[in-house]
Amino acid sequence: MIQPRPRTIPEATVARLAVYLRVLTTLADGGRGTVASGELAEAAGVNPAGLRKDLSHLGPCGVRGVGYEVRTLRDRIARVLGVERSRACVLVGIGNLGSALADYAGFGTRGFEFVGLFDAAPARVGQHIGGLTVRPLADLEDVVAATRASIGVITTPAEVAQSICDRLAAAGVRSILNFAPVTLAAPPGVDVRKVDLSVELQVLAFLGQQRLVEEVS
Ligand SMILES: NC(=O)c1ccc[n+]([C@@H]2O[C@H](COP(=O)([O-])OP(=O)(O)OC[C@H]3O[C@@H](n4cnc5c(N)ncnc54)[C@H](O)[C@@H]3O)[C@@H](O)[C@H]2O)c1
């Protein structure tokens, strides 16, 4: 059953919960039973008070003097994030970026499985990447319906990204991750997140510049 994420959890906390989940999954895979809050906070790159505040959104989950039971906390966060079961994803635009994402095995271990790769270029269609064959865009709706894919990833040129977004939404995809440098409009009930590495680099550049100013003043 799909567990809706309580809307009261702030988005920044949700992003950190995903980081805690990654750390806890690694610990669980390594056979760890419990983890102290200080260790979990350090591994996630947050301070212990911030960690406790984030986890307070999940209700009581720590054991005084022991810390947290690794598997219990991992499963609880996975449930809240809605990733306790594998999510089927389709990827549109299998060029440089799309091919790299499709070939990355790490998404599968984090609960996201690519079930369809699509491209408009005949030269791309038929290529084998990450265990899948690139299909023509015309197959998109059928594959989404057959696999019940709920997530669509867009790695096409910006000019066509909106039309891909429209098709994904009309096909029933409810979450879209957009890498194209354009702001997409999606119908109500469809969440869109944008990834822009240049924004992250600009933030880093700004922080570096600020540090230089502080050092000379
Ligand atoms: N968000 C980021 O940080 C980031 C980083 C790098 C690239 N990008 C963006 O990602 C996108 C892809 O970049 P790339 O370097 O892989 O480009 P690319 O040209 O190598 O790949 C684009 C692919 O999209 C396909 N395509 C074109 N129109 C299509 C359509 N209507 N339907 C389906 N497929 C279609 C092309 O055939 C091609 O295979 C671009 O928009 C680029 O600006 C974003």
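For all residues, glycine too, the Cβ spot is worked out from N, Cα and C.
Taken from TrEMBL, the feature DNA-binding region applies to 19-58. Long-range neighbours of the DNA-binding region (19-58) within the same chain, counting only residues 6 or more positions beyond its ends whose Cβ lies under 8 Å from a Cβ of the stretch, are 6, 8-9, 13, 66-71, 73-74, 76-78, 80-81, 83, 109-110.
Of all the Cβ atoms in the protein chains shown, 27 others lie within 10 Å of the Cβ of Ile94 (NAD(+) binding site). Annotation comment: TrEMBL describes Gly93, Ile94, Gly95, Asn96, Leu97, Gly98 as NAD(+) binding site.
Annotation comment: TrEMBL describes 82-183 as domain 'CoA-binding'.
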*Excluding Gly93, Ile94, Gly95, Asn96, Leu97, Gly98, which residues of the same chain place their Cβ within 8 Å of the centroid of the Cβ atoms of the recorded NAD(+) site?*
Ser99, Ala100, Leu101, Asp119, Thr155, Thr156
*Count of other CB atoms lying within 10 Å of the CB belonging to Gly98 (NAD(+) binding site)*: 23
